[in-house]
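Quick look at what TrEMBL annotates:
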type    : residues      : note
DOMAIN  : A:5-250       : domain 'Aspartate/glutamate/uridylate kinase'
SITE    : A:K9          : site 'Transition state stabilizer'
BINDING : A:R68, A:N172 : substrate binding site
SITE    : A:K233        : site 'Transition state stabilizer'
There are 2 protein chains.
Amino acid sequence: MEDGLIVVKVGGSEGIDYAAVARDAAALWKQGRRLVLVHGGSAETNRIAEALGHPPVFLEHPGGLTSRLTDRKTLEIFEMVYAGKMNKLIVELLQREGVNAVGLSGIDGRVFEGRRKKAVKYIENGKLKVRRDNLTGSVEKVNTELLNLLLGAGYLPVLTPPAISYEGEAMNTDGDTAAAQVAVQMQAEALLLLSNVPGLLRNFPDESSLIAEIPADRVEDFMNFAQGRMKKKVLGAADAVKGGVGRVVFGDARVEAPISKALAGAGTVVR
Amino acid sequence: MEDGLIVVKVGGSEGIDYAAVARDAAALWKQGRRLVLVHGGSAETNRIAEALGHPPVFLEHPGGLTSRLTDRKTLEIFEMVYAGKMNKLIVELLQREGVNAVGLSGIDGRVFEGRRKKAVKYIENGKLKVRRDNLTGSVEKVNTELLNLLLGAGYLPVLTPPAISYEGEAMNTDGDTAAAQVAVQMQAEALLLLSNVPGLLRNFPDESSLIAEIPADRVEDFMNFAQGRMKKKVLGAADAVKGGVGRVVFGDARVEAPISKALAGAGTVVR
């Protein structure tokens, strides 16, 4: 399995060193490592949405997860930042390192396909409400044929939300769970979820309370320790290990050689 | 040659009916026509650049051509609009029509590769000046291997600037001349340059003065009639016919079935 595919998800929060991610990805790629990158763009989307006078709104769901309210205008801003600015930034960084990267959103070639949520439940002022205008959904089907076509021809795929519904509508989707689906459906050796923390912390935000290892059959028990966006990473990890991915690592994307370090076991390893 | 490849460039000016372009492209694609789309995004880039407080600046070059001054911030806005908003809009429209489109910028897979202009001459207040910070260049090499890989697997490529320099830098490039290079290097049967005018007009903007046909060996003589952005389309047409493309049509993208109409000879035909 040492030459299996590695799926690397790089978050979109503040502090992430994309140049370091690209340098490390290029070094591994040139050693013959097969990689697929998946990235976010949340913090930059918030900034651009504010600047364009359409500030972000987040919905709080029963169970404690939150998500971006995605009306059509938000979706267009989301596409500008994720598929335009962030995706092309990462592709350009890889090209400068001599790697022939190809950036795709989930709607290109239906790379991330799934069911749109027709009704989204959320809590406002303590009351349960429902919205039907939210353009969101979850990835069920990854176009592994297209990814294998590109990998086989020597291209490094760089993937980003949005996803596409079975009816052909663009929709916001969570990048961590999309990356988990890529890892499962591509039968990846490992899934690395890199963000602006060193891993899962027992006492967030105390970085010295890092949880070094989680047994694969106990991932959901550790949900209590997950704060904010880390909740979706833990859910993604649970999906991935259930789906047969050998290991999942929550690693730090603020450091030099972030992919190599996570592969070597730095961060929180789920296996 | 009836089953040859058709390269369709859809401009980025006001008034273009992208839904009609997608419907027509889908109908032709389902009849077995091989297509590559190339698109612009100039008007929307101007709007977003204004909204983000970084208004567009155009340089006037010796000879009468103009181009967008592209500093790094402008390039990022350009990528957001061309590769994010416009590209994903067109891909989604095609997906809704049941065509598995794949959107790529010129930096993805080095689809549009060329030389960056290290120094750009322009005229300001009647004086010839030079700028060296402009991130622009022209497409010399099209990655036909990647385009054929996608076409062969049943994907319709939807291409957009920016291009990439030989050194791996993203750079603004003219979409019409990029489309002409795609047509030449893919040995296309025809290149359709669709915009918000019915074709080349003898007395711009009088639409009744449409020039119906231009002999291939006299394209440059007709440069006198080209106004504004049409100048680059005429130059693109000259490149394409010199490069062996059977015919070039300047057609109208504001009408129903714009691709079929241009293929049937509506507009200005260069052959």
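Note that Cβ sites are derived from N, Cα and C of the backbone, with glycine treated the same way.
Curation plays no part in TrEMBL annotations; they are all automatic predictions.
Note that this is a predicted model, so its numbers are computed, not measured.
Annotated features taken from TrEMBL, shown on the structure.
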| residue | record | Cβ contacts under 8 Å, 6 or more apart |
| --- | --- | --- |
| A:K9 | site 'Transition state stabilizer' | A:L37, A:V38, A:H39, A:G40, A:G175, A:D176, A:A179, A:L191, A:L192, A:L193, A:L194, A:G236 |
| A:R68 | substrate binding site | A:S42, A:T45, A:P56, A:V57, A:F58, A:L59, A:T74, A:F78, A:T136, A:N172 |
| A:K233 | site 'Transition state stabilizer' | A:D176, A:L193, A:S195, A:A226, A:F250 |
Per DSSP, three-state class assigned to A:K9 (site 'Transition state stabilizer'): strand
CB contacts for A:N172 (substrate binding site) [other CB atoms within 10 A, all chains]: 24
